[in-house]
Ligand code: 6R9
């Protein structure tokens, strides 16, 4: 990017208000710096202190970090605890009556459950699991809709030391099968159906089908939660209704005390190549990360009403739905449905109705809600909000400004949180009462997270050209291994050139304040005529044009330039009706990008769609866009796609 001016120079800086700073858990930049200094001075002492102060231990640990077999790190290894105890029992003495979960169903029906009742339900369910012979170390696949029961299922596994692996309800039977067999699961927990956008979508048939695909002999139990009154095929040899499983079970269940390193869960995530990787997380280190980030980044207070919109099928739904908020003893909203049903005001109405204070969602949700109703938030009372969060991909400054002004009333700091399935919790994110924020940057690493940027040789670079994002030292919440494939873990995340640092797979650069700007996955960086271009930079340039709602950039091999830039664009208004009109707007946008970044970044091709192909977790599926850009037939699995029809529209678009 040597001679291209990055568009990610942001002059707008938002300093936290004096009131926010005053009440913040980490109050002021000096307080943040003091924590960083403590971590630099005595790294293991710092994490040891936090682990002692934050978690409740059955047996205290004596050694903080064992790095003798790096990169297979062990934290707090001889300590014993139980994650479900920390999330539930820990609050019973002081706040048994406090609401733990406010559940809003797709149809708007609201159910609240307090800590006492949630504890009892988790215990009953855990006893139910035990009654089926499920025990410590067994793997349990959870394939459920967003519900109180999904959280009960996860917590119930944690209570008996079973290792859960949640599979997002939008995955196909084939993906489910892949995960069940890789994890050699003993049981599957599912529901008859899920409700989304007013529709009943059966879930159990996918489980039934997965189990017929072979290699699932390990599964001896399928537990089915009844969500809808729909016909459900039944195999009496191993199927059991959730309500029958828990009927008559005791509402107390002594937790299984496990070692700090006992795997809490496996969560499958896609790598750049090959089959999905089973990211294995620990018990203590993982929970510490979830809790400490709740305190630091979400500035968690006992009075908060916290709402993270992520599905429990993703890491965000693990750390900031199933574990973090409960471990803090907080009240949280869980939502079954979709943001556009019955209309695009649903999120805003829910914030108003439940008096949400902390709202955490993804840029893609924000952008689509801007497109569907940029003025809608104004119709609701959003004055309960005090903090906003963003996760999943870089947030372009235009969407950031709208989120800040229209949703947050120019009053709420935005925490743009960079992290990954593998890191377990936030890594680079503002501590909102400490650092000034700027649209588009996730700012600075959390205290004790030694993130930096290096070149191909693993040497640190501090300039604005950027390089690979790495984390130099091990940290408690990190991935422990890839389930069943330690070699892949070692090779993929700790390649030799990185001298022992964790390679995140993202590229980034730092600005003059040392703030990190994520440029995209390493494989999303284009090389056009020898110039390195972040796809995100071009996307951001396009999105800053008043005509554009959303844009995605991919590379296509090009004879002369190495790679050509292909843009997929969603306009704010309707899609251009005629080829002439499409070409005219494309030319305007090409010139716009030339002006914003430089002629080198001008898209060679622009295709207009009504939307972009997205997973149900909201990530743009760039690999599909790459196939379309290359004119290839799409042979990949598209079962996780929210909107498959969009592919044909983009394939046939004029360019
Ligand atoms: C939490 C989560 C991880 C990848 C990560 C990066 C992208 C996530 C981001 C972000 C820029 C942010 N990513 N948060 N990029 N700014 N605030 O999303 O985990 O599904 O494993 O994805 O998502 O590319 O490497 P996961």
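Including glycine, each Cβ sits where the backbone N, Cα and C put it.
According to TrEMBL, the protein carries these features:
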- 32-87: domain 'Acetyl-coenzyme A synthetase N-terminal' (DOMAIN)
- 90-474: domain 'AMP-dependent synthetase/ligase' (DOMAIN)
- 196, 197, 198, 199, 316, 529: CoA binding site (BINDING)
- 392, 393, 394, 416, 417, 418, 419, 420, 421, 506, 521, 532: ATP binding site (BINDING)
- 537-619: domain 'AMP-binding enzyme C-terminal' (DOMAIN)
- 548: Mg(2+) binding site (BINDING)
- 619: N6-acetyllysine (MOD_RES)
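Annotated features, which come from TrEMBL, shown on the structure.
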residue : record              : Cβ neighbours (10 Å)
196     : CoA binding site    : 18
197     : CoA binding site    : 13
198     : CoA binding site    : 11
199     : CoA binding site    : 11
316     : CoA binding site    : 24
392     : ATP binding site    : 19
417     : ATP binding site    : 24
419     : ATP binding site    : 25
548     : Mg(2+) binding site : 22
619     : N6-acetyllysine     : 16
| task | Would you mind sorting out which of 196, 197, 316 (the binding-site residues) have a C-alpha within 10 A of the one on residue 421 (ATP binding site)? | result | 316
| remark: For residue 417 (ATP binding site), the closest of the recorded positions by C-alpha position, picking from 199, 316, 619, is 316
| task | Enumerate in sequence order the binding-site residues 196, 316, 392, 394, 419 whose Cβ-atom distance to ligand 1 is under 6 angstroms. | result | 316, 392, 394, 419
| said: I'm trying to understand the geometry here, so how far is the Cα atom of residue 394 (ATP binding site) from the Cα atom of residue 619 (N6-acetyllysine), in Å to the nearest whole number? | reply: 11
| Out of 196, 199, 316, 548, the binding-site residues in the record, which is closest to residue 392 (ATP binding site) when you go by Cα distance? | 316
| request: Express the distance between the Cα positions of residue 316 (CoA binding site) and residue 548 (Mg(2+) binding site) as a whole number of Å. | output: 28
| query | Of the recorded positions listed here (419, 521, 548, 619), which is spatially closest to residue 199 (CoA binding site) when Cα positions are compared? | reply | 619
| message | I need the nearest neighbour of the residue listed as 'N6-acetyllysine' among the binding-site residues 196, 197, 521, using C-alpha distances. | response | 521
| remark: Across every protein chain in view, the count of C-beta atoms other than its own within 10 A of the C-beta of residue 521 (ATP binding site) is 16
